[in-house]
Amino acid sequence: MPPSGPRAALFLLPSLLLLRAVLAVPLERGAPKEENPATESPDTGLYYHRYLQEVINVLETDGHFREKLQAANAEDIKSGKLSRELDFVSHHVRTKLDELKRQEVSRLRMLLKAKMDAQQEPNIQLDHLNLLKQFEHLDPQNQHTFEARDLELLIQTATRDLAQYDAAHHEEFKRYEMLKEHERRRYLESLGEEQRKEAERKLEEQQRRHREHPKVNVPGSQAQLKEVWEELDGLDPNRFNPKTFFILHDINSDGVLDEQELEALFTKELEKVYDPKNEDDDMREMEEERLRMREHVMKNVDTNQDRLVTLEEFLASTQRKEFGDTGEGWEQGKAGVPLPMAPVLTLQTVEMHPAYTEEELRRFEEELAAREAELNAKAQRLSQETEALGRSQGRLEAQKRELQQAVLQMEQRKQQQQSHNNPAPGPEGQLKFHPDTDDVPVPAPAGDQKDVDASEKKVPEQTPEPPQLDSQHL
């Protein structure tokens, strides 16, 4: 069972209306009980859950507001009369509430900016004031302080949103069931005749097993509560006492039975039909039946419709004639249609009594076909774009290879030129010098060589000049 406590009960209910029951003085017990450790409030599923929780936590610290809340009735809370008491809370509490609102406005602005950035082009000026108007749980005209109008809007919005939570759950389950049936029919169409008959036989066998189980009692009836009293509480069924039963199952001792505490009472009945160890049993169907059972009890027992069952409401329900009627058991009918607390016909599971009509299934299949066609078209476009990118990549790779080949050829030619201009060293490392061909004398032809030799022979020898006499010797 999920955690429950004063704040846990609060967040399962539509608004601050629940605070009155949460803060009520607990029933006297024979022996004092140790205080249960504080548990975190379960998530309501609202996108402003944290803001709602923090506002309530702050308001709980103010003695004046707490006193007015205990004296208020449901109409005072829903009409906004309680919200006006915010003007009399302490300055310290108002300061905390102002800071909470500024943080919430900042958070919503960030969400809006992220959303707009994902949908629009950059550099577009946003009108945050108009955008904040789509959030109905705060006053967008005043973005800095928490006023009575903010508390009123928070109560109204949470009341509406949480009241629609069960309806949204039923709609989600309906779509889940239609998708299952759609896939089952498509699977049967893909089979041969013999295989299809075998699959249909297995389905009929599964449905037959669901019909063969112990009787499921009407939720909230004497028979159902006595079974819990005997099998879960281990007490004598002949000594059943409604007040004692209420106290035993008020787990957090806050004087009321919240939705989670009520749903825990139906586990024994649901286990008669659904076995978690059996793969053929759909646990989502079991939880849908649990929700329907809780709605049925709330409709017949919760007279002020605050989604809490007080001791007075519980005891009053046990005085009705229907409380002792046995009938044939609980009928599991269409999802979201609570049945009256009265004798009903034989049990029908969700599989035997679908949560949808054939017309709804037809429209759902048309919606799936349109979505599938859209996805196929998108997949085809992506495939074509992928092929185009592949071809472009191939061309780029070819150009890259050509460029690399050209660079390689240029390097080779450069190396060849350098090796031609620079002689290679000899075996002992010395350079081999090759004289320039322009400085080497060209030998004359053989005939000319004789003339050259003869001319050399005809050259007369030069006679030495006579010595000159010095003038001093004369």
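One is the number of the first residue shown, and numbering goes on along the chain from there.
For all residues, glycine too, the Cβ spot is worked out from N, Cα and C.
Here Swiss-Prot flags SER83 (among others) as phosphoserine. Applying an 8 A CB threshold to same-chain residues 6+ apart, the list for SER83 (phosphoserine) reads ALA148, ARG149, LEU151, GLU152, ILE155.
Sequence annotations record features per position, and here Swiss-Prot assigns coiled coil to 147-215 (among others).
Residues or ranges marked as compositional bias 'Basic and acidic residues' by Swiss-Prot: 190-207 (among others).
The annotation region 'Disordered' is assigned in Swiss-Prot to 190-218 (among others).
With helix defined as DSSP H, G or I and strand as E or B, the domain 'EF-hand 1' (237-272) counts 23 helix, 2 strand, 11 coil. Annotated domain 'EF-hand 1' per Swiss-Prot: 237-272, in sequence order, evidence recorded as sequence analysis.
Sequence annotations record features per position, and here Swiss-Prot assigns coiled coil to 355-422 (among others).
Annotated region 'Disordered' per Swiss-Prot: 382-474 (among others), in sequence order.
Sequence-distant neighbours of SER383 (phosphoserine) (same chain, six or more apart, CB under 8 Å from its CB) are absent. Annotation source Swiss-Prot lists phosphoserine at SER383 (among others).
Feature annotation from Swiss-Prot assigns compositional bias 'Basic and acidic residues' to 448-460 (among others).
Marked as phosphoserine by Swiss-Prot: SER471 (among others).
A mean pLDDT of 85 is what the model gives for the coiled coil (147-215). According to DSSP, the secondary structure content of the compositional bias 'Basic and acidic residues' (190-207) in residues is 15 helix, 0 strand, 3 coil.
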